[in-house]
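For reference, the structure discussed in these notes is given below.
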Amino acid sequence: MAPALPCSRPKLLLLCVALAFLLAVDVGRADIYKDIQIIWSADHTYYFMDGDSEALALSLDFNRGSAFKSNDMYLYARIDIDIKLVEGNSAGTVCTVYTISEGPWDIHDEIDLEFLGNSTGEPYTLHTNIFAYGVGGREQQFKLWFDPSAEYHTYSIVWNPRRITIEVDGVTIRSYDNNEEHGVPFPAWQQQRVYGSLWNADDWATQGGRVKTDWKLAPFVSYYRNYNITYCRPSPGVSWCGAEPAGSPVFNLAPKARADMQWVRDMGYVIYDYCTDRSNRYNDTTRPKECSLPPRP
């Protein structure tokens, strides 16, 4: 895998990303055993063969949860991972896959997928958020159209200079456009590392914290496999993705992706969107600027 580069300052960006691209030209598939490391509670995790795939189990009990992180960091990439969530009554638990930069916290970037547990018979909530230059608050929440604890499903973060999209089994459910020219921050220069975790958040995770974790059911277990990284590819003759000409169609959102997002809304799978929040959170003057901008190509 391409080594992490010390791209901690904007003025080093061009050199670092060019070097990252050269190092990554032949990089494709990652390996969940070789390319991640356990960072919380190694005694609460285990690797095993799930069919033909190496899989990782994370567990949570009353004492602690567990987590991993990727060995490498990335700037513009597609990240795919298969996850099977906690079965049965998982209220209070949160299973995650996310990316985050490692520079100063007040300017950090982050792309979150958090699966909020459920009481038996109720759907999981997929909570997504994007932080750019230290500012988050861009939550969208979804209910899934299948039982994510019955089998593995593929969750994807696709990050390029034009936008960040989130996919579930190849269905695009969300797009966050790069509108830096309008003064909207976008993760564009800090490398990010991939993390996954299983932890307790029963103060807020299920029905706003009204339903607590039932520790008699512990340990709770979630499973990860098929961790895959595909580096961003620019058009022929362009040195790296960040140098793609502004008018290039390479990163245009495909018609299928637009149709996917419309289907997700039409079917009622979007259960919260910060841009349409009409509560006391925002008013017409405080609503984030990107909410009033037209979607990019």
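Residue 1 is the first one shown; counting continues down the chain.
Cβ coordinates come from backbone N, Cα and C, glycine included.
So that you can see what the record holds, here are the features copied from TrEMBL:
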- Glu110: active site, proton donor (ACT_SITE)
- Glu114: active site, proton donor (ACT_SITE)
- Asn118: N-linked glycosylation site (CARBOHYD)
- 1-30: signal peptide (SIGNAL)
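If you measure from the Cα atom of Glu110 (active site, proton donor) to that of Asn118 (N-linked glycosylation site), you get 25 Å. Around the Cβ of Glu114 (active site, proton donor), 20 further Cβ atoms fall within 10 Å across all displayed protein chains. Listed recorded positions: Glu110, Asn118. The one with the lowest count of other Cβ atoms within 10 Å of its Cβ is Glu110.
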